[in-house]
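Colleague: Let me begin by handing over the structure; questions about it come next.
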Amino acid sequence: MKQSVIITAGGIGKRMNSDLPKQYIPVNGLPVLMHTIKKFYQFNSEIQIVISLPKDFIELWRKLCLEYDFKIPHEITEGGKERYHSIKNALKKVTGDIVMVHDAVRPLVSLQTISNVIDQAEVKGAAIPVLPVKDTLRKGNSENSQHQDRSEFWIVQTPQAFKLELLNEAYKIPYSSSVTDDASLVEAMGRQVFLTEGNEENIKITTPIDLKLVEFLMGK
Ligand SMILES: Nc1ccn([C@@H]2O[C@H](COP(=O)(O)OP(=O)(O)OP(=O)(O)O)[C@@H](O)[C@H]2O)c(=O)n1
Ligand SMILES: C[C@](O)(CO)[C@H](O)COP(=O)(O)O
C-alpha cells in the first residue's frame with residue numbers, strides 16, 4: 001500500500017514562548033522539523049511527505065532548506081487556525097492508501113512506532129501509538145477529587161495512521177475545540193481506533209523543558 005505522512009507544523013508555539021516557532025529551532029545542528037522529516041524518510045524513502053507551515057514562516061522554511069542543503073522531497077501546505085484546519089488543508093494533497101498524521105514537534109518518534117501504526121492501520125483501518133500512564137491520577141479540583149484507576153487510561157502520541165478514505169470522511173466532521181487529535185474524529189464517526197505501542201522518547205515539544213529533554217536525548 002502506498003504510504004503518505006502529513007507532518008503538521010502549522011502552529012506558532014504559544015506555550016514555548018519563543019519568537020521562532022518551535023519546529024524551526026535548531027537542535028543537535030538541525031531544525032526540529034528537519035529531524036522529523038528525516039525519520040519518516042528513513043522509514044520509507046518512497047513515502048509522500050506533506051508538511052503544513054504557518055503562512056508567515058513558509059519563506060523562512062525555504063531559506064532554511066537551502067542553508068542546510070536539505071533535499072528530502074516534500075510538499076508544503078499552509079497551516080490553519082487550529083491543528084484541525086492545518087491537517088484538513090494538507091489532506092487535499094495526500095495520495096497514499098494509508099496516511100499518517102504526525103506532530104512536527106515529535107522528532108524522536110522511533111521507526112518501530114511508525115511501523116506499529118502502519119501495520120495495524122493496513123489491517124484495522126485506524127491505529128495510534130500509546131503508552132501506559134506512569135503517575136497516579138486524580139480527577140476533580142483542589143476541594144473535591146477522586147483517585148482514578150490508571151490502568152484504564154493511555155497517553156496518546158502521534159503518528160496516527162488511517163486508511164485515506166476513512167480520514168477523509170472523518171475530516172468532514174466540523175471543527176470542535178474538544179477534538180485534540182485525529183483519532184477522536186474517526187471515533188466520532190463510530191469507528192474503532194486500534195492501540196499500538198508508542199515510544200517513551202516520542203515526547204511533544206510543548207514547553208521549554210521539553211526542548212531541553214529532546215536536546216539531551218538526541219545528544220546520547
Ligand atoms: N494551527 C496549528 C496548530 C498546531 N499545529 C501543529 O500541531 C502540532 C502539535 O501542536 P502544539 O504542540 O499545540 O503546537 P502549537 O499550536 O504550535 O503550540 P501552542 O499550542 O503552544 O501554541 C505541532 O507540530 C504544531 O505545529 C498545526 O499544524 N497547526
Ligand atoms: C495530537 C497530540 O499530539 C496527541 O497527543 C495532542 O493531542 C496534541 O495536543 P495539543 O494540545 O494540540 O498540543
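Keep in mind that glycine also has a Cβ here, set from the backbone N, Cα and C atoms.
Relevant sequence annotations retrieved from TrEMBL are reproduced here:
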SITE      ARG15  site 'Transition state stabilizer'
SITE      LYS22  site 'Transition state stabilizer'
SITE      ARG150  site 'Positions MEP for the nucleophilic attack'
SITE      LYS204  site 'Positions MEP for the nucleophilic attack'
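Map the listed features onto the structure and describe their local environment.
Modeller: Taking a C-beta cut-off of under 8 Å and a sequence gap of six or more, ARG15 (site 'Transition state stabilizer') has these contacts in its own chain: THR206, THR207. Reduced to three states, the DSSP call for ARG15 (site 'Transition state stabilizer') is helix.
In three-state terms derived from DSSP, LYS22 (site 'Transition state stabilizer') belongs to a helical segment.
Neighbour density for ARG150 (site 'Positions MEP for the nucleophilic attack'): within 10 A of its CB lie 13 other CB atoms from the protein chains shown.
Secondary structure at LYS204 (site 'Positions MEP for the nucleophilic attack'), as computed by DSSP, is coil.
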Colleague: By a 10 A CB contact count over all chains shown, which of the recorded sites listed here is most packed: LYS22, LYS204?
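Modeller: Answer by Cβ density within 10 Å: LYS22.
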Colleague: Check the recorded sites ARG15, ARG150, LYS204 for any whose Cβ is under 6 angstroms from an atom of ligand 2, and report them in sequence order.
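Modeller: Cβ under 6 Å from ligand 2: LYS204.
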Colleague: How far is it from LYS204 (site 'Positions MEP for the nucleophilic attack') to ARG150 (site 'Positions MEP for the nucleophilic attack'), counting Cα to Cα, in Å?
Modeller: 21
